[in-house]
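Listed features, source TrEMBL:
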{"type": "DOMAIN", "residues": "9-473", "note": "domain 'Major facilitator superfamily (MFS) profile'"}
{"type": "TRANSMEM", "residues": "57-77", "note": "transmembrane segment"}
{"type": "TRANSMEM", "residues": "158-188", "note": "transmembrane segment"}
{"type": "TRANSMEM", "residues": "200-219", "note": "transmembrane segment"}
{"type": "TRANSMEM", "residues": "353-374", "note": "transmembrane segment"}
{"type": "TRANSMEM", "residues": "380-407", "note": "transmembrane segment"}
{"type": "TRANSMEM", "residues": "419-442", "note": "transmembrane segment"}
{"type": "TRANSMEM", "residues": "448-469", "note": "transmembrane segment"}
Amino acid sequence: LTFPLLLVTLLVSFGSSMLYGYNLAVVNSPAEHIKTFYNITWSQRYGHGLAPSPLTLLYSLTVSIFALGGLVGSLLVGVLVERYGRNGTLSRSALLVLLAGGFMGFSRELASPEMVIIGRSITGLHSGRCSLGCGAVYGPFLMAWSPTAHSQGTGEDFVFPMATGSVVGISIGQTGIFICLGVFSAQVLGLPELLGEDRFWPLFLSVVVVPASLQLLLLHCFPESPRYLLIERNDVCGATKALHQFLGTVDVQDVIEEMKEEQRSLSSMEMVSVWQLLQDRSVRWQTLSVVVVNAGMQLSGIDAIWFYTNTIFENAGIPVSQIPYTTVGTGAIEVVAGLIGCFTIEKLGRRPLIITGFCAMGICSAGITVSLLLQTALPWMRYIGVACVVGIIAGFCMGPAGVPFLMTAELFTQSHRPAAYIVGGSLNWLCNFTVGFIFPFLQMSAGAFCYLVFCGVCLLVALYVYLIIPETKNKTFMEISHIFA
């Protein structure tokens, strides 16, 4: 990677994937402070406080509405990129974060819980556009300079370089690392010595404006994606200048010719709609695999861990004063696990990572249940519970965090991929919302046994991948399709 290309991908990841990770974990530390604010505001308005169940409902909505915003944002990615380009879409998304930061930052001064909820939904809209819009915005920055070097090499797969190769491995791995860093930064800032006190929680939520502002300022220093300029806008001159800057070389004619060939291939290709994809019997197992893996990714319980880490540790018997530091420790391990996943995804293949990851998460979910049931009789079981939480996070970051996005690209031809990503991405966000919203109620009703639900999901997904999904590393679509058939 040249320095300009590396710099722009780091910048976009910092303002997109890292913000996504930060917003996942930012509501964990100030949970009690936000609930107290809701209760006080409600009492001032109506003369009485909120009962526990309505308060839990309101806070669960605050946590999970982030995912609904993400769903809407991911569905709008294609339209926005087509109209404004990738730089323009990222810049407008950064402006949304500034608006969200304003809503959340001034919510307490204006005694408005609604502003917190609106701010959370807007940050979700940003994340849907940039981080989990299936790589539709920032991924091409990394791949725009080499349209064929990492393609599958035969047939129509020639036109889609995301399919295999180290470039997409770096892209997916980088996404996972920056998400982990975002989560870790939220956990560190949530320490009592920093922004973990009651008076600082609005500032804690609105810190997102800092990376968004940096991204907004610096994006204008870089040209638009060369692939977008040539293929979407037919701007050969603009694409040439962008390649000069990204690659640092004078002769880019070979790359331009490859992009033109890609443009001709795409113009003659008819894209499949979501409904057509669901009806296509020839890719039925591939579609089902995308559904299972993407839904399992969120229903594995990882969002419950990120959203409600402090509550989980409190129930596990960890002293309240030690919980913030225990949480930071799990975040550090998460970053290490993300780095391991990044550097092994192209060496070990997809199947070993995702099967091992889901199995580890399932076993550790069952371990949390056991530790909660036995902690009264055996006080040291609380440390087993913490170890199981760490195991869930590490297992997720090493495999399920990135492999589903990569696998979705590899199971379909270019004509089917956009629809497959819409299906997978929509399920991803919907399941994220479901877990974030119902977990507190599931915990209240099922107690320690609620984690067995996540255990069952993880082990079933691992079994499905083991029995149905082949290894896709370095295989063409025709080879993968033949294995499914």
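Cβ coordinates are placed from backbone N, Cα and C, and glycine is handled just like the others.
Note on the domain 'Major facilitator superfamily (MFS) profile' (9-473): its mean pLDDT in the predicted model is 80. Counting Cβ pairs under 8 Å to the transmembrane segment (448-469), the stretch among 57-77, 353-374, 419-442 with the most such contacts is 353-374. Between the transmembrane segment (57-77) and the stretches 200-219, 353-374, 419-442, it is 419-442 that has the most C-beta pairs under 8 angstroms.
Listed by sequence, the residues of this chain that lie at least six past the ends of the transmembrane segment (380-407) yet keep a Cβ under 8 A from its Cβ atoms are 134-135, 168-169, 172-173, 175-176, 179-180, 289-290, 293-294, 296-297, 300-302, 305, 309, 312-313, 316-318, 326, 329-330, 333-334, 336-338, 340-342, 344-345, 350, 353-361, 363-365, 367-368, 370-372, 374, 424, 428, 469, 472.
For the transmembrane segment (419-442), the list of distant contacts is 56, 59-61, 63-68, 70-71, 74-75, 128, 132-134, 136, 271-274, 276-278, 286-287, 290-291, 293-295, 297-299, 301, 303-304, 307-308, 311, 404-405, 408, 411-412, 450, 453: same-chain residues at least six beyond its ends, Cβ to Cβ under 8 Å.
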